[in-house]
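S.K.: TrEMBL lists these features:
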{"type": "ACT_SITE", "residues": "Cys379", "note": "active site, nucleophile"}
{"type": "BINDING", "residues": "Asp319", "note": "S-adenosyl-L-methionine binding site"}
{"type": "DOMAIN", "residues": "313-458", "note": "domain 'SAM-dependent MTase RsmB/NOP-type'"}
Amino acid sequence: MEAGQEKTQLVHIQQQQHQGNSDSTAFSSLRFVRFNPRFDRQETLDLLQSELKAAHQDCRFPIQVPWLLSPKHQLEFFGIPADISLNKMSSFQLGRVYGMDVTSGAAVAALLLDIYDQNTDGSDEKPDQSRSQKESLRVLDLCCAPGLKLCMIADLVHSNSSLVGVDVSKQRLSLCKNIIQKYHIDNTTSGMNLSENAEEVKARKRRVNIQLYCGDGTTYNGEQSAASELVFDSTSAIEELLTRGKRKRMNKSARAREKRRLLELGSKLPNPHNASSNKSNVYETEQLFHFESNIQIDSVDEKLATATTQTLFDRVLVDAECSSDGAIRHIQKRQSSTVLKEAAWTDSNLDELIDLQKRLIDSGYRLLESGGILVYSTCSLSKRQNEEVVNWLLNKYNESFIIPVSFGDSSELEFIQVGGIPGTVRFNPFVSRDEPINSNEHSMLAGGGFFLAKLGKMRRNDSLD
Ligand SMILES: C[S@@+](CC[C@H](N)C(=O)[O-])C[C@H]1O[C@@H](n2cnc3c(N)ncnc32)[C@H](O)[C@@H]1O
């Protein structure tokens, strides 16, 4: 698609989004929750049902999303009325459910579960599943905050996996820390029982080690360095919980202790690039959306080419910064807010954004082990931010290839479309926006606008054909 056509399409989508309530209520009438697998499923379902019935007098809710469902992996999303305030619901306060858009869930499902993979020849035979879910994985989430996909990764991966989240925004990372704390660490909301033997608790909570780094994902090299500060470590947070018993709000000295521990932990990690970077102060004066756009890919190339002991990952998620034109709920919130905020990315700085997306996917791909899997996703429906970025990567690296994925039966679910590159997926909620909620429940289970591509990196001994 030409740049001009792309612009027209974006304007058209924005016009649809700016239309009055009668249109927007159709596609905003559901929001989504995911169950926390640490709690008993039936108990959570009963609680949620009774809360929704009390609030809405409507027994249809919650509605299970059939196109993203795998009981075997405890993967399950439910649609609930969009006007419900999750904050006021016990099921949410108790950490039994996460509020998460279902299309975001599709990105994590594509990253970790090959039940959604399609064969390129269209046959039913599933690809080699030897690497799926049977082993502990090293997973990188390169733009992780506020962390809902990161928590879903932590819920799905096998024991002893390690998960590293990186984000440039300290502010958004502190939200991320809170979410991990709530669902994975706190004894009251994470489904853990502290009356158990401390060693048992430790063992269970240690399932997946989660580390968060504050730094630029375009230059992150898999390790602690002056440019990427370790700001959270789940093992260390669990130690704190076990030594202090029931978690209280951290006082000044506890926070200082935590900082010291993280610094110590960070300094124990191998760090061959420490001397090469002096960017730590960039993050102090943090801007949420614009940063370091002057770093050239070539200089990153050079730096990474000299790396000898680089940490590589089996799975990498690049859920890139984007223009968010598919994020219906956020746009509606912004429109209904009395203080209208300017969109961060507009036509005038779109090139800068696309450059950032390319540098992010490039960095993620370099940190991917051969034989590994990378998912690139955005909540934009723009071809320039999606297919063009993915094509750019495919052209740059011979050993990169698309692993085709699909969700549900697309003849029934018209909002799930094949992207501009065969095997990629576009979730386009605008196609079913005029349908009232009870005319076709399936069309209401669309979630926000979203794009995802699943990429593989050939092993050196794999043949090219
Ligand atoms: C779409 S949001 C990610 C949402 C997140 N994956 C989740 O599911 O909660 C994009 C994120 O990219 C981060 N970001 C933008 N530029 C970045 C960069 N150069 N390096 C790392 N993170 C960046 C933003 O701060 C933002 O948190």
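Using the three backbone atoms N, Cα and C, a Cβ is placed for every residue, glycine included.
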S.K.: Using all protein chains in view, find how many other C-beta atoms are within 10 Å of the C-beta of the residue listed as 'S-adenosyl-L-methionine binding site'.
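M.R.: By my count, 26.
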S.K.: Using C-alpha atoms only, work out the spacing between Asp319 (S-adenosyl-L-methionine binding site) and the residue listed as 'active site, nucleophile' and round it to an integer in Å.
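M.R.: Distance between the two Cα atoms comes out at 9 Å.
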S.K.: List every residue in the same chain as the residue listed as 'active site, nucleophile', at least 6 positions away in sequence, whose Cβ is under 8 Å from its Cβ.
M.R.: Thr103, Ser104, Cys322, Ser324, Asp325, Gly326, Ala327, Gly448, Gly449, Phe450
